[in-house]
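Asks: Just passing along the structure, written as structure tokens.
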Amino acid sequence: MRALPTTATTLLGVLFFPSASRSQYVRDLGTEQWTLSSATLNRTVPAQFPSQVHMDLLREGIIDEPYNDLNDFNLRWIADANWTYTSGKIEGLGEDYESTWLVFDGLDTFASISFCGQFVGATDNQFRQYMFDVSSILKACPEEPTLGIQFGSAPNIVDAIAQDPSSPTWPEGVQITYEYPNRWFMRKEQSDFGWDWGPAFAPAGPWKPGYVVQLKQAAPVYVRNTDLDIYRLGQINYLPPDQTQPWVVNASLDYLGSLPENPSMAIEVKDLQSGEILASRPLTNITVTEGSVTGVTVLEGVDPKLWWPQGLGDQNLYNVTISVTDGGNQSVAEVTKRTGFRTIFLNQRNITDAQLAQGIAPGANWHFEVNGHEFYAKGSNLIPPDCFWTRVTEDTMTRLFDAVVAGNQNMLRVWSSGAYLHDYIYDLADEKGILLCSEFQFSDALYPTDDAFLENVAAEVVYNVRRVNHHPSLALWAGGNEIESLMLLLVEAADPESYPFYVGEYEKMYISLFLPLVYENTRSISYSPSSTTEGYLDIDLSAPVPMAERYSNTTEGEYYGDTDHYNYDASIAFDYGTYPVGRFANEFGFHSMPSLQTWQQALTDPADLTFNSSVVMLRNHHYPAGGLMTDNYHNTVARHGRNDPGRAGLLPDAQHSVRPRGQLQRLVPRDPALPGGPLQVTNPVLPAGQRAARTPARVPVLAARGHLAGALVGGDRVRRPLEGPHYVARDIYKPVIVSPFWNYTTGALDIYVTSDLWTAAAGSVTLTWRDLSGKPIASNGGLPTKPLPFHVGALNSTRLYRMNMKQQPLPRHEDAILALELTATGSLPNTDEEVTFTHEQWFTPAFPKDLDLVNLRVRVEYDAPLGKFAVEATAGVALYTWLEHPEGVVGYFEENSFVVVPGQKKVVGFVVQADETDGEWVHDVTVRSLWDLNEGE
């Protein structure tokens with residue numbers, strides 16, 4: 001069930017022409033006939049609304065799929081042109097309405113609007129809702145009106161702004177250009193101008209719905225936005241809420257029209273599943289400001305079922321109906337929003353004496369607490385699922401979020417920039433228990449801070465904070481991506497004398513402006529001025545800068561904020577001394593090649609399916625070109641050279657493949673295999689609840705951006721196969737795991753057990769050395785032959801065993817693999833039932849390139865009665881065994897990138913999300929392993 005976005009009368013207005021009896025009429029602009037034109041195109045074509053120019057041109061056959069081949073370059077003429085959307089005659093608008101408005105939920109980006117041939121207004125912010133009063137224009141219009149929206153070329157407009165002598169400039173080398181320059185002058189999706197993971201199409205168009213709204217005096221108002229804030233009594237954004245306090249419901253409606261004097265407000269809270277009415281009562285402290293009405297109530301004696309992230313409990317949801325009435329109890333407005341009761345708090349407070357006594361490292365916290373409970377954040381970074389939002393569907397996001405849940409993830413960081421997510425995406429996250437750490441759309445740049453710019457972005461922030469605040473999946477607002485952790489460092493290096501000035505500019509917008517705007521519109525959500533910080537020293541809401549950031553005021557041996565780490569030098573990937581230590585891993589990763597199936601969707605010429613083809617190389621945007629050049633070979637070669645695991649001596653080298661396509665086919669599963677090591681132990685740091693030791697214990701982690709990142713191919717990106725990191729993360733995101741932590745520089749190998757349960761767990765781990773033919777190694781290589789018992793505390797890790805591989809009595813490290821098999825008992829969060837947990841890990845004491853791999857004779861067969869796939873290796877241990885499904889089916893394997901030992905059959909299921917083969921795809925599933933990197937084709 002979806003939340004009703006507006007009142008029932010508003011919805012009826014979309015379906016019927018106005019009549020004398022109806023006091024409000026709303027017409028969806030998507031029902032009109034639209035055309036698209038441009039002097040560059042020299043023709044007019046049919047269009048849709050909402051839409052974007054590229055999508056209308058694609059539908060009409062003017063261009064082919066933008067993601068194909070090098071269309072990133074070939075279609076730049078679209079971004080360089082101005083485009084006009086023109087409606088047909090809008091018939092049937094009423095003449096007896098006092099006011100007529102145009103309401104646009106999203107115009108991308110620089111638009112000039114005309115109605116009945118008259119200029120109405122202009123827009124310059126993709127992320128704002130715009131309203132224009134066209135009452136006088138309509139009354140003077142001699143015929144049925146038409147609506148025109150002209151979109152200017154964003155690249156040309158920001159270039160002109162940059163050339164204006166009054167525009168700000170920054171020290172040389174600070175601002176980061178990916179393809180189109182000057183993106184910091186526009187309030188538009190920053191990745192539209194290119195990023196290191198995707199193309200630069202710079203789309204334009206009416207990307208969200210629009211309406212004609214007609215109102216009568218002293219009649220129901222049109223609700224254009226709603227802020228529903230649910231929190232504990234006394235809750236403050238930056239302090240942990242008292243879970244014993246009753247719930248507070250604060251409801252605010254933004255409207256068009258005129259409210260009667262002394263309006264009343266009330267709410268009804270209904271259980272979505274049972275239909276039971278939990279509460280029905282009036283709101284108090286009614287305040288009316290320009291265009292908004294707000295009221296509040298305390299739900300004394302009301303005990304709703306809590307909403308929990310997936311894996312921690314149920315996703316209990318409620319419909320809250322907010323009504324506004326006049327003195328005669330006549331309805332003025334009514335809105336229903338689906339929501340949940342939960343508290344979510346980002347704890348950045350100093351480590352307490354009690355925590356120190358538990359062995360927690362000193363410094364400051366950086367972790368989330370839901371309903372008063374600390375928990376491990378397990379997830380990914382979410383970048384735009386498509387460069388063109390108008391073709392992202394609910395089905396698209398459902399499949400993506402189903403994969404998130406199947407991957408044992410409970411949180412996504414909504415990376416900026418990106419765009420603010422549509423409401424239906426938050427709805428899906430509410431249903432599936434996925435927390436969404438959201439950010440304001442500022443990324444990897446310094447931005448203007450003049451009054452006009454700040455006024456523009458303030459309206460953007462307020463609108464979006466209020467719009468999504470009712471969603472229980474909303475976990476955080478951050479000011480932007482890497483502003484503090486990267487941009488301030490760059491400006492300090494480029495111009496040390498000006499550094500204090502730019503710190504002041506940063507604080508002016510992200511702290512002094514944004515923090516109060518967040519706190520004024522929500523009591524339930526925490527705020528951080530940047531995605532990655534060292535946390536704050538103090539908060540004083542009466543100070544000019546209300547949050548005093550820590551910056552570099554750190555003490556050695558203490559740990560503070562979250563980390564953001566990229567190092568593409570594969571030769572030091574397992575030197576864990578190179579990794580940062582913090583409380584939370586916010587973003588990290590290792591670039592990898594997509595699957596061959598993905599490449600086949602994007603490349604129309606099979607001859608381009610080679611590792612070093614110009615198309616493959618130029619589609620790799622890391623390192624970015626830094627401009628509009630179309631020959632970025634130097635940077636792409638530099639990236640491949642540094643983080644190619646084969647060249648770094650980690651994996652077998654597939655460069656010798658006889659046939660170019662075979663070379664590519666062997667390279668593409670290789671990179672996803674590598675994170676099977678680093679992903680488990682990247683960012684070995686200490687969250688609250690862990691001991692003060694440098695361990696691989698599970699950090700609250702938003703994992704490598706590559707998990708869900710990248711609008712690389714296909715309009716429906718999630719139709720492509722899931723890559724290796726998703727499956728590796730799924731495995732290590734299980735509730736209780738065993739991890740080998742090997743520092744190859746010292747030889748130390750530590751075996752840890754990590755639990756994200758809220759109570760202690762106990763069990764045992766069996767360690768077994770085998771050679772690569774699968775046979776046990778004599779005397780178990782010096783390890784105990786009996787299972788090793790363990791007891792691990794809540795949200796904690798315990799070191800089970802320590803050895804030094806340089807002293808371990810193994811015949812040959814190149815012919816050895818260690819199996820780690822865990823069995824444990826414990827209780828899942830919010831349950832008392834005892835559950836048995838199992839987990840399996842593997843470790844090789846030599847890099848895969850140096851292993852004595854044998855011809856495994858690995859095979860896969862479909863077991864029809866079971867509906868699953870059986871994988872066997874008859875001649876040797878199959879490392880990083882990889883199942884791949886053919887085209888024509890969409891879904892994911894329940895496991896992948898696993899180890900198969902001779903004599904042990906691996907049975908793997910597959911979740912089908914869409915099937916165009918009538919089930920025949922099961923006969924074309926293929927299997928490969930690390931051995932295949934040694935083989936030519």
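Backbone N, Cα and C define each Cβ position, glycine as well.
According to Swiss-Prot, the protein has these features:
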type     : residues : note
ACT_SITE : E482     : active site, proton donor
CARBOHYD : N42      : N-linked glycosylation site
CARBOHYD : N82      : N-linked glycosylation site
CARBOHYD : N250     : N-linked glycosylation site
CARBOHYD : N285     : N-linked glycosylation site
CARBOHYD : N319     : N-linked glycosylation site
CARBOHYD : N329     : N-linked glycosylation site
CARBOHYD : N350     : N-linked glycosylation site
CARBOHYD : N553     : N-linked glycosylation site
CARBOHYD : N612     : N-linked glycosylation site
CARBOHYD : N743     : N-linked glycosylation site
CARBOHYD : N796     : N-linked glycosylation site
SIGNAL   : 1-23     : signal peptide
Asks: If you measure N612 (N-linked glycosylation site) to N350 (N-linked glycosylation site) at Cα, how many Å is it?
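Replies: For N612 (N-linked glycosylation site) versus N350 (N-linked glycosylation site), the Cα atoms are 51 Å apart.
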Asks: Just going by other Cβ atoms within 10 Å, which of the glycosylation sites N42, N285, N319 has the emptiest spot?
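Replies: With the glycosylation sites N42, N285, N319, fewest surrounding Cβ atoms within 10 Å: N42.
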Asks: Indicate the candidate from N82, N329, N612, N796 with the smallest number of other Cβ atoms within 10 Å of its Cβ, considering only these glycosylation sites.
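Replies: Checked N82, N329, N612, N796; of these glycosylation sites, fewest Cβ neighbours within 10 Å: N329.
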Asks: Can you tell me the CA-to-CA distance separating N796 (N-linked glycosylation site) and the residue listed as 'active site, proton donor', as a whole number of Å?
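Replies: Between the Cα atoms of N796 (N-linked glycosylation site) and the residue listed as 'active site, proton donor', the distance comes to 29 Å.
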Asks: Check the Cα-Cα distances from N319 (N-linked glycosylation site) to the glycosylation sites N42, N82, N250, N285, N329 and tell me which is shortest.
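Replies: Given the candidates N42, N82, N250, N285, N329, the nearest one is N250.
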Asks: Please tell me which one of the recorded positions listed here (N329, E482, N553) sits closest to N350 (N-linked glycosylation site), measuring Cα to Cα?
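Replies: Looking at Cα distances from N350 (N-linked glycosylation site), the smallest one goes to N553.
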Asks: Based on Cα distances to N553 (N-linked glycosylation site), point out the closest of the glycosylation sites N42, N250, N285, N329, N743.
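Replies: That would be N743, nearest by Cα distance.
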Asks: Between N42 (N-linked glycosylation site) and N743 (N-linked glycosylation site), find the distance joining the two CA atoms and give it rounded to the nearest Å.
Replies: 64
Asks: Can you tell which of the recorded positions N82, N250, N329, E482, N743 lies nearest to N285 (N-linked glycosylation site) in space, using Cα positions?
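Replies: Out of the listed candidates, the nearest Cα belongs to N250.
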Asks: Using all protein chains in view, find how many other C-beta atoms are within 10 Å of the C-beta of E482 (active site, proton donor).
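Replies: Taking all protein chains shown, E482 (active site, proton donor) has 23 Cβ neighbours within 10 Å.
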Asks: Just the number: how many Å between the Cα atoms of N329 (N-linked glycosylation site) and N82 (N-linked glycosylation site)?
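Replies: N329 (N-linked glycosylation site) to N82 (N-linked glycosylation site), Cα-Cα distance: 50 Å.
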Asks: Out of N82, E482, N743, which of these recorded positions is nearest N250 (N-linked glycosylation site) by C-alpha distance?
Replies: E482
Asks: Fewest other Cβ atoms within 10 Å: which of the glycosylation sites N250, N350, N553 wins that one? Let me know.
Replies: N553
Asks: Sorry to bug you, but what's the C-alpha spacing from E482 (active site, proton donor) to N82 (N-linked glycosylation site), rounded to the closest Å?
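Replies: Rounded to a whole number, the Cα-Cα distance is 32 Å.
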Asks: If you measure N743 (N-linked glycosylation site) to the residue listed as 'active site, proton donor' at Cα, how many Å is it?
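Replies: Distance between the two Cα atoms comes out at 29 Å.
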Asks: Counting across all protein chains shown, how many other Cβ atoms sit within 10 Å of the Cβ of N743 (N-linked glycosylation site)?
Replies: 18
